[in-house]
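Features of the protein shown, as given by TrEMBL:
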type: DOMAIN; residues: 27-71; note: domain 'Homeobox'
type: DNA_BIND; residues: 29-72; note: DNA-binding region
type: DOMAIN; residues: 74-275; note: domain 'TLC'
type: TRANSMEM; residues: 83-103; note: transmembrane segment
type: TRANSMEM; residues: 123-142; note: transmembrane segment
type: TRANSMEM; residues: 207-226; note: transmembrane segment
type: TRANSMEM; residues: 246-267; note: transmembrane segment
type: REGION; residues: 283-327; note: region 'Disordered'
type: COMPBIAS; residues: 301-315; note: compositional bias 'Polar residues'
Amino acid sequence: RFIAKPCAINLGIQDSGPHRAQPNAILEKVFTSITKSPDGKRLEGLSKQLDWDVRKIQRWFRHRRNQDKPTTLTKFCESMWRFTFYLSIFFYGIRFLWTAPWFWDTRQCWYNYPFQPLTSRLYYYYILELAFYWSLMFSQFTDIKRKDFLIMFVHHLATIGLITFSYMNNMVRVGTLVLCLHDASDFLLEAAKLANYAKYQRLCDAFFMLFGVVFIVTRLGIYPFWILNTTLFESWELIGPYPSWWLFNGLLVTLQVLHIIWSYLIIRTASKALVRGKVSKDDRSDVESSSEEEDVTSNSTKGIFSTSSNGSNRLNGHVAGSQWTGE
């Protein structure tokens, strides 16, 4: 409210929502009580009842659906909050881990386990991360529902489960490595969103490309060959198959599967942008254009991120479809 909003206004982002639907009691009753997306038969009936063209009724329902969506200013403020958190917690983690012996030698994660001290800095690192991911879990149900809702729900569950489980079992050393690794790319995605909302397309594309490189290197390179290597093999060698070994590694492998899916979608989106200079609209997004021109087929929006005519971002989260999708 006091930082992000003034920044957005200075960048020319207006606190104006999408085009509002023309007041109509009959259509409003259908929208609120029956359906938000009427089929062809119902459209024909409403057309005869109101003496309106079917396309005009379709446009009304599209405008009515869009007017409940958050404004670009609201989205900018939310992304700026996430950007601030991810950037701050990443540098906190790097500063903390730089002097930690297990950052340079992952076998240190298992020496003298489970009798390893829990320092105050490590404790606060864990608590802050856990609180943030719980907030993402709850806010997912109030945000715009996306087609990757289930994937993100599984991701948040696995993350919360890993943080809680590793803390309860004092596996905090390897846990800090996992947390820091995941934070390395998240703030770049939020930076790309901020640039997109502010209509700095080249900066947005640059942040997206950088995000894609960092994401793939950390999630497909460092994570399996550094993190999974120590949890699957080094832990087995040094402390043996402890009772919770299967559950702990099962959650970590679940994250790796999600990393592979997202990396594939990142590469597909980036390749389209590089080859054609533009990408198709976000298949994941449920945000619809409020412009009347969207009734006919239009050219794909240029750039990595696609924005509807009312300024609503078609991205929130990670990736899905042919376009970027929230953590």
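Just so you know, glycine gets a Cβ as well, placed from its N, Cα and C.
Predicted automatically and left uncurated, TrEMBL annotations should be read as such.
Averaged over the DNA-binding region (29-72), the predicted model reaches a pLDDT of 80. DSSP assignment over the DNA-binding region (29-72) gives 30 helix, 0 strand, 14 coil.
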